[in-house]
Amino acid sequence: MLPHCSLLLLLCVARLLSTTSALPFEQKGFWDFAMDNMDSGGLMTMMRDEEEGSAVEEILPPDISMCPFGCHCRLRVVQCSDLGLTEVPQNIPRDTKFLDLQNNHITELKENEFKGLTNLYGLSLRNNLISKVHPRTFVPLKHMQKLYFSKNLLTTVPKNLPASLVEIRIHENRIKKVAAGAFAGLGNMNCIEMGANPIHNSGFEPGAFKGLKLNYLRISEAKLTGVPKDLPDSLHELHLDHNQIQAVELEDLSRYKNLFRLGLGYNHIRNIENGSLSFLPRLRELHLDNNRLTHVPKGLPNMKYLHVVYLHSNNIAQVGMDDFCPRGFGMKRTFYNGISLFDNPVNYWEVQPATFRCVSDRLAVQFGNYKK
């Protein structure tokens with residue numbers, strides 16, 4: 001009887017082993033995917049090494065970088081925002097394309113903060129406390145195209161920006177001066193956003209924008225009292241809203257023949273000198289709302305491509321029949337699809353219907369009650 005029992009016990013053990021040869025299910029992590037192609041022998045060897053206390057670094061490929069503590073790293077994007085960091089973290093993977101450091105407490109950028117990050121495409125430092133940047137901080141970033149530096153404590157434009165840079169946003173800092181050559185060597189630059197800095201017209205030194213071929217420039221919410229001189233003549237969009245500009249003089253816009261959109265809203269403009277707008281033959285949109293104009297600016301009928309005009313919240317009391325549209329047929333290439341005149345002391349019932357003969361739709365003209 002005993003030999004039969006022993007045989008039965010051996011058969012049971014054999015069946016148990018055959019049904020439990022697979023490892024227990026575990027949710028796959030990053031390194032599990034990396035080991036998908038390993039044979040079972042290699043996997044068992046690694047498990048045995050871990051049980052014996054061998055370090056993880058001994059089994060990781062040597063070219064794999066670890067993610068900085070507290071950050072999230074995925075698809076070459078390293079997100080280290082909202083962590084209360086006081087400095088740039090170490091051990092950032094060298095293949096990182098976008099590095100997000102916004103909403104922290106970083107106060108300074110040192111020389112070797114971004115060493116080795118030659119593949120970086122975009123860097124966000126938005127909403128920190130940065131007031132000091134080493135002159136060589138950005139030297140390693142040979143391919144960076146986008147730099148978001150808004151809501152910090154900068155007093156000047158950082159030096160030695162990468163020649164590859166296409167877009168920089170440095171609004172809401174403490175910049176009072178842009179020195180000559182501040183953007184030297186940045187021939188690829190397309191967009192600069194530098195609004196909400198306490199800069200006056202005198203803060204732009206001659207040659208501050210020399211060599212740039214910008215499409216977009218915003219200097220809103222600053223301390224400007226006039227249209228700045230010597231801005232890039234390549235501009236398609238210029239936004240100078242929320243300043244203290246008093247008037248537009250004849251030569252102020254003479255350089256900007258390529259402008260499509262001009263923003264001058266929320267200023268103190270009382271007068272636009274006759275002929276000033278004739279320098280803008282390609283203009284599509286003109287924003288002059290929330291100023292102190294007493295009449296519709298001269299020259300609008302001659303602007304063949306103008307189709308949006310914001311004139312609301314001014315002191316315009318009268319609108320003439322030829323203020324917007326030319327008399328000759330076919331002189332205007334694009335009909336208006338937006339004219340705002342609300343919040344002005346003009347009686348809309350006194351405006352002649354023919355005034356808007358070059359408007360695409362009557363609903364495109366916005367009048368409204370004047371309340372002051």
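In case you wondered, yes, glycine gets a Cβ from its N, Cα and C as well.
Note that TrEMBL annotation is computational and uncurated.
Feature annotations, reproduced from TrEMBL:
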type     : residues  : note
SIGNAL   : 1-22      : signal peptide
DOMAIN   : 66-98     : domain 'LRRNT'
DISULFID : C67-C73   : disulfide bond
DISULFID : C71-C80   : disulfide bond
DISULFID : C325-C358 : disulfide bond
For this session: Please list residues from the chain of C325 (disulfide bond) whose Cβ is under 8 angstroms from its Cβ, counting only those at least six apart in sequence.
Result: P301, K332, T355, F356, R357, C358, V359
Problem set entry | Separation of alpha carbons, C67 (disulfide bond) and C80 (disulfide bond) (Å) | 10
Problem set entry | DSSP helix/strand/coil residue counts for the domain 'LRRNT' (66-98) | 0 helix, 7 strand, 26 coil
